Structure formats: structure tokens, C-alpha cells
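Below is one structure, written out as C-alpha cells; comments come after it.
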Amino acid sequence: MNKFAALLVVASVCLAGVSAQCPRIVTRAQWGARAANTAQLPIRPAPWVVMHHTAGAHCTTDAACNQQMRNIQSFHMDGNGWADIGYNFLVGENGAAYEGRGWGRQGAHAPGYNDRSVGMGVIGTFTNGIPNAAARNAAQQLISCGVSLGHIASNYWLIGHRQAVATACPGNAFFNEIRNWPRFNPNV
């Protein structure tokens, strides 16, 4: 086997390993995002992951989650006057991750952490119940994916939005759930 063929085999194995850790990621173009221009994340890889819920309707199908992403982006841009949707990624209860601002972009999701974190959330309200297994698995896979790709520090800390600012987010039930996830930091 020549060197080029060997390199292709090694690259394929490496990419297969990375993609195996990543959930299905729906790009901005696929969910119909509006154009936006946001700043680069100044501290990379991000040492923090801030978990949210959107405190709105749940979605369990691709079509419903795409619509929710457009609704959230419109609310953040038109209602809040932000440059884009505030989160880096959101996860639907269909098990897919949705690119918000994406990797390496500064979010508008948690004051005091926006310049040093990846903001992730689950679409829906999780005050009295936790997201389904598909959403929880996709969120945890997305964190692992970010670490594997070098966007999240391997020694990152996970917190709930309520630990950064006075809010009920990510909902009582979901907050109690993420307290059991790897790298959760109770002492912010």
C-alpha cells in the first residue's frame, strides 16, 4: 500500500471515531437560520459548558424542531436585539443537535460566561420533568464531540444556567439531572 492510501485509511479511521461520538448535527442551513454575524469565542477551547432549556414548546420531529429553532432565533434577534440565536447548540427530543451559533462563536446565553463557554440547551420546558433519553444522550454526545474536536477543553466544567445568573433555567427537574453528569461543578 502506498503512503497516500495508508494516510487515507488512517484518516478514515480517525474521522469514524470522531463522528461516532457526535450526535446528528443539523446545520444552520438545514434548519433555515437567518444570516448573522457573531464574534469569535475569545477563550478556546471553552473551559465551561452552560446547560439551558428554552422554556417553550418541546419538539420530537425534525420539522417541529426546525420550526422551534427559527422561532427561538427570531425571538432572540427581533425581541432581544441580539446578533443571532443566543445558544451555540440546542438539542431536540428527536435526538438531533441543532447548530445555533456553532463551535468557536461567542454566545449570548449566560452573562459572565459568554466569552468562555459553549451554551447548550434542550428545546422545551423541563421544570417538572426531564428531557427524554434521546435528548439527554444527544446533549452528552455533543459535549464529548466538542471535546474530541478541540472546541471544549478536556477539563471543562458543566453548570446549569441558574448557576451563572438568577433564573429558573434549565428547569428544576433538568438541573437535578445534570448534577449527575460528568464534570458538573456545584461550586461556581
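Yeah, the Cβs are placed from backbone N, Cα and C, and that goes for glycine too.
Listed in sequence order, A97, Q141, L142, S144, C145, S148, L149 are the same-chain residues six or more apart from C22 (disulfide bond) with CB atoms under 8 A from its CB. Annotation source TrEMBL lists disulfide bond at C22-C145 (among others).
Positions annotated as disulfide bond by TrEMBL: C59-C65 (among others).
If you look up TrEMBL, you'll see 23-165 marked as domain 'Peptidoglycan recognition protein family'.
The domain 'N-acetylmuramoyl-L-alanine amidase' annotation in TrEMBL covers 36-171.
Marked as signal peptide by TrEMBL: 1-20.
Residues within less than 8 Å, Cβ to Cβ, of C65 (disulfide bond) and separated from it by at least 6 positions along the same chain comprise V26, W31, C59, G92, N94, A96, Y98, I123. Over all protein chains present, the Cβ of C59 (disulfide bond) has 25 other Cβ atoms lying within 10 Å.
Counted with DSSP, the domain 'Peptidoglycan recognition protein family' (23-165) comes out as 41 helix, 33 strand, 69 coil. All chains included, 22 other C-beta atoms sit within 10 angstroms of the C-beta of C145 (disulfide bond).
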